[in-house]
Amino acid sequence: MALISQLFALDSPVTMEHIYFEHLLLRNCGLHTLNMLLQGPYFAYEDLTSIGQQLDVAEKAAGLASDEIGENFDDTGYFSIQVLSEALRRKDHASLPLTHPDAYLHRRDPSLGQAYICNLNDHWFAVRRFGNEWFELDSQKKTPEQLKRTHLDAYFAWMMKKGASIYMIDGDLPDCRAQRFFTGRDPDDVSMEYASQESAASKGALGKTIEFISSQESLLLTESMNTDSDWDSGVGESKSPTPESDKTDGSQTTEESL
């Protein structure tokens with residue numbers, strides 16, 4: 001992904017302070033992608049896990065999946081496109097592969113769209129527009145990355161050549177500080193209705209995320225204590241857990257307080 005910074009990002013990007021941004025936790029890139037796409041903590045880990053479980057049950061009942069293994073999510077926090085699409089559908093948004101015949105015009109000129117979710121090398125991230133400015137919202141990176149509008153088609157072509165799966169997002173995205181800022185409005189000029197929805201989403205998702213982090217920390221601590229006990233008693237070899245996760249500092253932050 002380093003080539004993206006060199007070829008497609010602006011050398012002097014605009015201010016990022018109004019853009020909601022989450023940093024990668026475990027392999028929750030899909031979760032972070034949805035929240036950054038919608039610009040707020042609209043989903044928590046448990047929300048997507050519940051959707052994944054429902055899809056697994058439905059697929060197994062239809063004979064489309066194994067009885068033993070569900071393929072829509074795993075315990076590292078990774079979610080399939082089916083989970084992300086269903087989560088967006090429940091917020092009145094549709095996703096369509098950029099390779100679909102109906103997406104022909106957007107494939108030729110991505111600037112016709114408003115937002116996309118992308119998967120490159122099993123990592124989810126979002127690309128969306130605020131006003132006339134385009135940004136890559138990737139939880140693996142430190143900040144949002146502003147893209148050159150004139151190179152947007154080349155950026156998408158480069159990703160597809162690398163084997164990325166790209167989905168265009170349809171439906172009115174929620175109002176947000178970044179959209180207001182990049183369309184010349186006061187970022188803090190928000191309706192009472194939106195402020196109420198934003199606050200409720202923040203409290204609900206944050207609480208569930210904290211519970212998930214705590215449960216993961218407790219699990220790792222228990223495994224560590226069991227490992228130490230085995231060594232002390234001289235029983236067998238110690239097998240320390242090696243979670244399959246993206247590189248992360250284990251923190252989740254935002255560029256704004258909701």
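Using N, Cα and C of the backbone, Cβ positions are placed for all residues, glycine too.
Keep in mind that TrEMBL annotations are predicted by a computer and have not been checked by a curator.
TrEMBL annotations:
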type: ACT_SITE; residues: CYS29; note: active site
type: ACT_SITE; residues: HIS123; note: active site
type: ACT_SITE; residues: ASP138; note: active site
type: DOMAIN; residues: 16-184; note: domain 'Josephin'
type: REGION; residues: 223-258; note: region 'Disordered'
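All protein chains considered, the CB of HIS123 (active site) has 19 other CB atoms within 10 Å.
The Cβ of CYS29 (active site) has 26 other Cβ atoms within 10 Å, all protein chains considered.
Rounded to a whole number, the C-alpha distance linking CYS29 (active site) with HIS123 (active site) is 6 angstrom. Look at CYS29 (active site): DSSP puts it in a helix.
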